[in-house]
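Student: Input: one structure, supplied below.
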């Protein structure tokens, strides 16, 4: 499969495609899809024994502030296999900075055609409060034991900000 041939979404910025790299609650292994070879590589074994609280991936054909495709966490009832692509709807964004610069994480739920479980989730604040806290705690601490790496949480914004980040990253990719 060539991720570069997958559009960023079906109805941008409301309906996006996310290539999953790391399933929710998976062993603390950081996988990354190499954008040139479309191969799923082990990037590193995480030093902190923490699990991603939701499926982690990126929107194809986007370019975020850190020079990589825009990161997305997709909240689902079950872990999604690495390498698969899921249709999703953005509901918020966790703004953060790390050792590589700006590193926002869009928060999304499956498109309504995939699951009716999240039909009433319009904003990230509609998700369980504990899940929101777990996501923030994970990203605030997941690099703690890695030399030279750091993360600063800048705060949360809603679905409008997530859609704006998607639109910006699509435009940046197109140059």
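Here the Cβ of each residue, glycine as well, is placed from N, Cα and C on the backbone.
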Student: Which one, 34, 36, 103, is listed by Swiss-Prot in the same Mg(2+) 1 site as 66, 71?
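Tutor: So the Mg(2+) 1 site in Swiss-Prot includes 66, 71 plus, from the candidates 34, 36, 103, 103.
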Student: For the Mg(2+) 1 site given as 66, 71, 103, which other residues of the same chain have their Cβ within 8 Å of the site's Cβ centre?
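Tutor: In sequence order, the nearby non-listed residues are 64, 65, 68, 70, 96, 98, 100, 101, 102, 104, 105.
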Student: What other residues of the same chain, not counting 30, 44, 56, 142, have a CB atom within 8 A of the CB centroid of the substrate site?
Tutor: 22, 28, 29, 31, 43, 46, 52
Student: Between the two most separated Cα atoms in 30, 44, 56, 142, the residues recorded as binding substrate, what distance in Å do you get?
Tutor: 15
Student: Which one is it: of the binding-site residues 66, 71, 103, which Cβ has the fewest other Cβ atoms within 10 Å in this structure?
Tutor: 66
